[in-house]
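Read the structure below first, then the notes.
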Ligand SMILES: N[C@@H](CCC(=O)N[C@@H](CS)C(=O)NCC(=O)O)C(=O)O
């Protein structure tokens, strides 16, 4: 792995490793603008073919953006480029030069956006082709933009963050993000036993809590799908395939939690979602890229998973 230091890619990011043995996720540096026009600030323009999305099919954060692009009918309006699953010394790379500049690596986009950039080179990246800049590299913000900003162009007014539910959704995100979404990474990238055990306990406490909630309602906020569900989905769908083994999140599998199992199938079976899930990229990325965790780089063949199986979640719907 590597990162950008003052606009230059450095392959060895080990010298910035945390001494406390814990995984600390660096905050994203490019933040989504609002659609309203504040003087002097970048304004998001609601235009077709102005923006380009860069994702990894392996990455749960990028997967959120892909799901919202699909759900909101943005595929024609916002083209996408997918990076290769292996993230090695040069970071994310493209299998063929990307379409805008012919770049071979994602760090070149960060360098173009900010020649003095210091930080991680992460996906997803939402790029503005006209201003030649990164609009945003924070998935939580990209999905909010996708949820509503382009409604006028697509005619799709499906709302996964309805105003009346803001506080409920925010409350759920506030424990799902640290406990589960980031929680699996805190287990996997811990370098001290105690840090791992703490993350493990927090992760399964949060999963137990969600399992309990889902015994009483179909989705995280009542019986309609919201942003909170899609944010959880991208972690759950990877859980049994990679987090149980590779990240040592192995108290039990999602397959051992009946409500979460049905819930995961329910979300997976929503129109268009299955085609956003790519287990080849997911397994190749994690097992091959993280040499410190899996030095042989052997990618397991299993487990056999079938998210198309029936579920009993419709029993909650009115
Ligand atoms: N907060 C960011 C996190 C994105 C992120 O960490 N993506 C990972 C892939 S799953 C990445 O690109 N990591 C590269 C690195 O940290 O060097 C978001 O949600 O968009």
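Glycine is treated like the rest: Cβ placed from N, Cα and C.
For 59, the entry in TrEMBL reads active site, nucleophile. If you draw a 10 Å sphere around the CB of residue 59 (active site, nucleophile), it holds 25 other CB atoms from the protein chains shown. When secondary structure is read from DSSP and collapsed to three states, residue 59 (active site, nucleophile) falls in the coil class.
The glutathione binding site feature in TrEMBL is assigned to 92, 120, 121, 122, 123, 138, 139. The number of other CB atoms found within 10 A of the CB of residue 92 (glutathione binding site), across every protein chain shown, is 26.
Over the domain 'GST C-terminal' (158-289), the average per-residue pLDDT in this prediction is 98. Residues annotated as domain 'GST C-terminal' in TrEMBL: 158-289.
According to its DSSP assignment, residue 185 (active site, proton donor/acceptor) is helical. Residues or ranges marked as active site, proton donor/acceptor by TrEMBL: 185.
A helical conformation is recorded for residue 243 (site 'Lowers pKa of active site Cys') in the three-state DSSP classification. Residues or ranges marked as site 'Lowers pKa of active site Cys' in TrEMBL: 243 (among others).
According to TrEMBL, the feature site 'Lowers pKa of active site Cys' maps to 286 (among others). Non-local neighbourhood of residue 286 (site 'Lowers pKa of active site Cys'): 58, 238, 242, 246, 247, each in the same chain, at least six residues away, with C-beta under 8 Å from its C-beta.
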Measure from the Cβ of residue 243 (site 'Lowers pKa of active site Cys') and count the other Cβ atoms within 10 Å, all protein chains considered.
25
Kindly point out which of the recorded positions 122, 185, 243 have a C-beta less than 6 Å from some atom of ligand 1.
122
Which secondary structure state does DSSP assign to residue 286 (site 'Lowers pKa of active site Cys'), in the simple three-class scheme?
helix
Residue 185 (active site, proton donor/acceptor) has how many other Cβ neighbours within 10 Å of its own Cβ?
19
Starting from the Cα of residue 185 (active site, proton donor/acceptor), work out which of the recorded positions (59, 120, 121, 122, 139, 243) are within 10 Å.
243
